[in-house]
Amino acid sequence: MENKQQSNGVMKEINAVKKKVNWTGSLIVASLTGAFGSSFLYGYNLSVVNAPAGYIKKFYNETWERRYGFSVDEGTLTLLWSITVSIFAIGGLVGAVIVTPIVKFFGRKCTLLLNNVFAVAAALLMSLSLLAGSFEMLILGRIIMGIDAGISLSALPMYLSEISPKEIRGSLGQVTAIFICIGVFTGQVLGLPEIFGQESRWPFLFGAIIVPSLIQAVILPFLPESPRYLLLDKHNMSKAEKAFQRFLGKDDVSHEIEEVLAESRAQRNTKLVSILQLLRTRAVRWQIVTVVVTMGCYQLCGLNAIWYYTNNIFSKSGISHETIPYVTLSTGAVETLAAVFSGLVIERLGRRPLLIGGFGLMIVFFAVLTVSLTLQNTVHWLPYLSIFCILAIIASFCVGPGGIPFVLTGEFFQQSQRPAAFMIAGTVNWLSNFAVGLLFPFIQAGLQTYCFLVFAGICFAGATYLFFVLPETKNRTFHEISQAFAKRNKITFEMQEMKHYPRQRKSSGEQESNFTSSVDNGETKKGIV
């Protein structure tokens with residue numbers, strides 16, 4: 001009995017050591033560097049337009065008056081500003097559409113590197129718009145910055161999901177969400193009147209975009225490409241093995257290699273799947289629906305409306321104009337802390353409870369916020385309750401819905417399907433983002449204090465769907481997740497493997513022969529498609 005207890009204790013220590021080994025230096029640097037030049041910039045560009053909004057509108061009016069000899073009317077100015085804010089999402093949609101062939105041809109890491117060209121070009125256009133007296137440069141810069149974000153929000157989660165062990169896949173995937181939050185907070189800090197939140201300095205807010213891009217461009221080339229991409233797409237066993245060794249911090253990676261090869265055998269030598277093929281695949285039908293629902297709710301639940309128009313919302317809550325920039329800082333800080341908390345607990349609690357719980361709490365606080373905004377003129381302390389509700393909504397979002405949709409998209413689909421799946425997710429993401437950015441000012445004008453009930457309804461619909469459909473994916477392989485969906489897709493797991501594009505399938509013996517020849521000595525000799 002004593003020996004058995006000692007044996008159990010030793011096994012626990014060994015497992016603890018293994019878990020520690022998972023977080024290697026290369027893994028940490030790759031995730032931090034990738035996120036800093038990618039999702040950080042997405043978050044930064046969500047909030048950076050908020051603080052200088054008044055100065056930018058003034059710049060628009062002065063430019064219009066100088067060109068046409070009269071001031072722009074209020075309706076046109078509101079439309080121009082809404083376009084400036086929401087056009088970022090149109091660029092994001094373009095980026096999400098073009099990302100699939102880019103990540104296929106260049107790889108995940110190289111796509112992130114090349115994407116910095118868009119960020120630098122956008123930063124130069126936006127920061128020089130005031131000097132050039134052209135608000136079109138600012139709008140064009142926002143479009144190009146959106147393309148950068150659209151590419152990075154697909155390529156980064158793909159890269160992180162493929163370099164991380166399944167034991168920490170959720171935590172590492174949350175790095176995307178954490179850096180979005182840090183980017184939002186940084187935009188708020190730099191927008192303070194003491195820094196760049198002044199009429200003469202607001203272009204520096206956009207020029208600062210260059211810094212994360214340059215840092216990523218310097219560090220990322222020294223890190224490996226995704227080992228799964230090297231093995232399954234480039235058929236380079238030697239480089240894939242070295243990449244696994246660096247990311248996992250151990251010499252023996254035969255188990256990981258065999259795991260990836262098993263996925264390759266299960267794919268039956270399929271080509272990279274197109275969006276149309278993926279939509280026609282019965283075996284992943286509910287996975288696609290779930291991704292569409294989670295990504296749609298991610299944007300339509302109201303958080304981006306809060307980020308785009310924070311100052312206006314706080315002003316409606318009765319907060320003085322001088323105090324608003326500092327109150328806004330609390331929203332970014334809360335978001336960052338909540339995202340970090342989610343990253344720490346996601347592998348303990350799982351994806352499902354965090355997602356459903358997050359949406360559920362948002363429903364409650366949206367309802368309270370509506371009551372508070374409606375009655376704030378009758379009770380002197382209600383504006384403070386409104387601030388609390390906004391902070392609580394942000395925290396609830398970041399604990400679950402803020403990052404998990406990106407994690408799920410990487411977990412639901414096999415290698416050949418993943419780029420198309422991320423394109424679908426990105427398209428839904430950016431179309432929803434555009435709709436919120438463009439329509440929220442008009443929704444707010446029409447519904448007044450009841451506008452947040454629209455978002456509460458969307459959260460309720462999302463939470464209900466996820467409660468009945470979403471299985472837990474924590475510590476599960478792709479095959480195990482597929483089995484969890486198999487019954488709902490009305491297909492057995494064996495049928496699922498056999499029906500993946502039968503016209504492109506080869507016999508197992510021919511597949512093994514082709515794959516062996518394609519990775520011999522780490523060089524591509526006879527590639528499979």
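In case you wondered, yes, glycine gets a Cβ from its N, Cα and C as well.
Now, the feature entries from TrEMBL:
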- 510-521: compositional bias 'Polar residues' (COMPBIAS)
- 31-474: domain 'Major facilitator superfamily (MFS) profile' (DOMAIN)
- 501-529: region 'Disordered' (REGION)
- 21-42: transmembrane segment (TRANSMEM)
- 79-100: transmembrane segment (TRANSMEM)
- 112-133: transmembrane segment (TRANSMEM)
- 139-160: transmembrane segment (TRANSMEM)
- 172-190: transmembrane segment (TRANSMEM)
- 202-223: transmembrane segment (TRANSMEM)
- 288-309: transmembrane segment (TRANSMEM)
- 324-346: transmembrane segment (TRANSMEM)
- 353-375: transmembrane segment (TRANSMEM)
- 381-408: transmembrane segment (TRANSMEM)
- 420-441: transmembrane segment (TRANSMEM)
- 447-470: transmembrane segment (TRANSMEM)
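Counted over residue pairs 6 or more apart, the CB atoms of the transmembrane segment (79-100) and the transmembrane segment (420-441) come under 8 Å in at least three pairs, which marks the two as touching. Residues 109, 112, 115-116, 119, 145, 148-149, 152-153, 155-156, 159-160, 163-165, 167-168, 172, 175-180, 182-183, 186, 209, 212-213, 215-217, 219-220, 223-224, 246-250 of the same chain, all 6+ positions outside the transmembrane segment (21-42), place their C-beta atoms under 8 angstroms from a C-beta of that stretch. With pairs at least 6 apart in sequence, the transmembrane segment (381-408) and the transmembrane segment (112-133) have fewer than 3 Cβ pairs within the 8 Å limit; the two do not touch. By number of Cβ pairs under 8 Å, the transmembrane segment (139-160) is matched best by 420-441 from the list 202-223, 324-346, 353-375, 420-441, 447-470. A Cβ distance under 8 Å defines the sequence-distant neighbours of the transmembrane segment (202-223), meaning residues of its chain 6+ beyond its ends; these are 26, 29-30, 33-34, 36-38, 40-41, 44-45, 48, 51-52, 55-56, 109, 112-113, 116, 119-120, 122-124, 126-131, 138, 141, 145, 187, 190-191, 196, 246. By the count of Cβ pairs under 8 Å, the stretch nearest in packing to the transmembrane segment (353-375) among 172-190, 324-346, 381-408 is 381-408. When Cβ-Cβ distances below 8 Å are used as the criterion, the transmembrane segment (172-190) is approached by residues 27, 31-32, 35-36, 38-48, 50-51, 153, 156-157, 160-161, 163-164, 196-197, 204-205, 208, 307, 325, 328-329, 331-333, 335-336, 338-340, 342-343, 346, 398, 402-404, 406-407, 410 of the same chain, each at least six residues removed from its ends.
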